[in-house]
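In what follows, a single structure is set out as C-alpha cells and then discussed.
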Amino acid sequence: FKGGDTCEYLLSSGRFLGEKVWQPHSCMMHKYKNSEAKNCLIDKHVVFIGDSRIRQLFYSFIKLINPQVKEEGIKHGNIPFEDKSASIKVDFLWYPEVNGSMRQRIKSWTEGSVAKPHIIVVGAATWSIKIHNGSNEALAQYKINITSIAPLLEKLAISSDVYWVLQDPVYEDMLSESRKMITNEKIDAYNEAAVRILNSSSRNSKAKVKVFSVSKLIAQETIMKSADGLHLPESSRDTNAMILMNVYCNKIMKPIDGSCCQPQPPLTLIQKIAFCFFTLSIIGYLIISLIHRNKYRKNKSCTDLESGEEKKPAISTPNVSTLEMLLQCFCKLGLIMTYFYLCDRANLFMKENKFYSHSSFFIPIVYILVLGVFYTENTKETKVLNREQTDEWKGWMQLVILIYHISGASTFLPVYMHIRVLVAAYLFQTGYGHFSYFWIKGDFGVYRVCQVLFRLNFLVVVLCIVMDRPYQFYYFVPLVTVWFMIIYATLAVWPQIVQKKANGNCLWHFGLLLKLICLLTCIYFLSYSQGAFEKIFSFWPLSKCFELNGNVYEWWFRWKLDRYVVFHGMLFAFVYLALQKRQMISEGKGDPLFSNRVSNVLLFISIVSFLTYSIWASSCKNKTECNELHPSVSVVQILAFILIRNIPGYVRSVYSSFFAWFGKISLELFICQYHIWLAADTKGILVLIPGYPMFNVLVSTFIFVCVAHEISQITNDLAQIVVPKDNSTLLKRLLCIAGFFSGLHFFSAMQDQSRH
C-alpha cells in the first residue's frame, strides 16, 4: 500500500487488458461521453503546447467534446477550437522546441491580469533531436531551457492543472531517413532530464507540475502499429486523452466507475450515527461477555481433593440472554460493515475495471458445474421442486450470476439474455414458493409477513445506511419485496381462497383463477402505462424507497423486464398442486412424473423448447429488441428446465449439496457482491492482492462467501428476536421499527438539506 494518491498511479502506471482497454494501476477509469465531457469543462480554457505528438493528443481530446471534429488544421501552426454551447475553449499552440519562444508564451500567463488557462498540457523534444542531429549540445541546451521554464510552470500550477508529457518511444525500423537520429536512447535521456529538473525544482507540493508518463507505457505496447514509427496509432492517443479527462474531471463529476483521482467521500450524519451504534454494541457485548465469564468461573465445578470426585456447582451456567444475543449479532455485523466500508468507500483497497473474454466466463462455469455434479446426494423427498432442489437451483444460478458480474459478460448479448432468464427464474420461484405456502397453509397472519419482509430487507437497509446508497440501488430486493406483497394481497383479499376451502367446493378454484386474471390485467395495464406506474410510486413514502437519481424510471424498467414471470410461478404452483391433489402425477422415488409415453413426449418438447430459446437468445441483434420479448418468452426456458429436471425419476431423486449450500445464502451473496467482491458499486473488481489476479480472486471470494454466510446466520438470529410470534410483543416491535424509520427519514432530510 503506497498511499491514496490514485492520480499518481493514473498518470504513471498501468497495463492493457486485451488490445485496447487500458487498466491503470489500482484504480478505475471512467469512459467519458460527450455530454459528460462538456459538463465537466464548461467555461474552461485548455491549452496544448508542443509538437506534432501534442497536436495528436489535442485532436483526441477535443473529439471527446465534439466527435465530428476533423483533423484539418495547419500542421505547423496554432489551431483553435471552441464549443460555444458550453463556453469551452481548447487551443493548440505550435512550439515544437523547448526554447525562449515557449518560455515567453508561458511567462505571459504568469504576468498581470492575463486570464490563465485552467489546464495546460506541455511536451516537446523530438524536434530538438532532429534539428540538431541528436547532439549532446542540444541535450545540454534542453536542460537549460527546461530549468528556466520550470519555475513558471510551478507558478501556474498553483491555480491551474499543469501536465508535462514525456516523450513516447519510437519504432526505429519504420522511421524515415530524416528522422533516423531520433532514437529511443536519446528520447530516454531527454525524458530523464525533464523528470529530474521538474521534480527537483518544486518546493510546494500544491504547485507541482504533474508528469504525464503513462503515455510512454501505452506507446511501448502500440508503437509497432504506428504509420511512420513516430506518431502513435489513433487508439493509443485516444486512451491518453481519456486518461487526461479522468485526471481532471473525476473529482468534479464523481462517476461511480471512475475511482482514479476521486477523493474519499466524507462521512454522512447517518453513517456517523451507525458507526457510534456499532461501536457501542461491540463495547456492550464485550462487557456482558466479561460479566458472564466471571460468573461462570465462580460457578465452575471444582475437584474434591480428598475423594478426587468432581463437585457440581450449586447454580448452573445461565443460557445466553436475548440482550447478549442481540449485542453479539450487532457486534459481528459492525465488524463486517467496517470491512464493507473499507472495501468500497475508503480509498484503502485497489479497484480495477472489468474486462470480458470468453475464457474468463466459460472456464469458471465449467469448473463449478463439475464441482456441483461431484457433490451429488439423494433428496429427502422426491416431490417436484422440493426444498433441496430449489436450493440447488438457486445455488447454481447465483454462482453463474456472480461469474457473469465479475467477468463483465454483460457486453456479450447471448450471455446477457441467458442471465436475464436466471433472474426471471428467481422471481418465478418467488411466485411459486409464496403462492404454495399461502394456498396450502392458509396463514395470512402478520407474523408471517413480517418474517419474510425482515429476512429480505434487513441486510439492504443496513447497507443503505452504512454505504450511503438508496434502497432502489439494490434493485432485486425491492423487486422480490413488492412481488411478495402483491402475492399476499392477491390471496389475502376477500374472499380468501385456500386449498382446504377449495377442496370442499370446486367453484372456489374458478374464484382463484378469477383473482389471477385480475392480477394479470393489472400487470398488463401498468406495463403499458408508464405514467400510471410512476404516479403510484411517486407518492411519499414510496418515492423515498423507489426513486433513483430523482425519478422512478429505473424501478419501472426493472419491474417491467420480468413483469409476467411471478404470475407464471403462481399459475404453475396452482396447476401443479391441483394435479398433485388429484393424484394425476407420480412422485415416487425413481418413478417418472407421468406415464412413460407422456413423459417421453414432454421431455422431448422440453429439450427442444430449451434449445430453441437459446438459439433465439443467441441470434438477438440488440438488448432493446431482446428485452421487449423477454417478459413473454422467458417462461418457456424456465418451464422446460423444470420438466427436464423433474420428469425422470432418478434425476428428481438426487441433488447437488454443493449448489444447495450456496442456494441457502443466495440472497446474501447477491447483495454482498456489490461491495466486497466487486467494487465501485459493481462497476469494477475489488483488488486485495495486486499483481496476482487469480490469487486475488481466490482470497476475495473466500472472504466474500464467509461474510455472506455469516450475515445469513445473523439475519436468522435477529429475525427470531425482532419478529416474535406473540402478537402483542410483535406490535410493540413494529412500533419501534416505525420509530426507527421515522428517525432515519428525519436524519436523511437533514443530510439532504446540508448537501444542498
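Each residue, glycine too, has its Cβ placed from N, Cα and C.
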Which one of 135-153, 420-438, 629-647 shows up in TrEMBL as transmembrane segment?
629-647
Closest-packing stretch to the transmembrane segment (659-679), where packing means Cβ pairs under 8 Å, from 269-291, 474-494, 561-579, 629-647:
474-494
DSSP helix, strand and coil counts for the domain 'NXPE C-terminal' (22-72)?
22 helix, 9 strand, 20 coil
Please figure out which one of 355-375, 474-494, 506-526, 600-617, 629-647 racks up the most CB pairs under 8 Å against the transmembrane segment (452-468).
474-494
Under an 8 Å Cβ to Cβ limit, what residues of the same chain, 6 or more beyond the ends of the transmembrane segment (685-709), are close to it?
25-26, 336, 339, 343-344, 349-354, 406, 665, 668-669, 672-673, 676-679
If contact means at least 3 Cβ pairs within less than 8 Å, sequence distance 6 or more, would you call the transmembrane segment (561-579) and the transmembrane segment (600-617) in contact?
no
Please report, as numbers and ranges, the same-chain residues at least 6 past the borders of the transmembrane segment (600-617) whose CB is under 8 Å from any CB of it.
414, 417-418, 421, 594, 626, 633, 636-637, 639-641, 643-644, 647-648
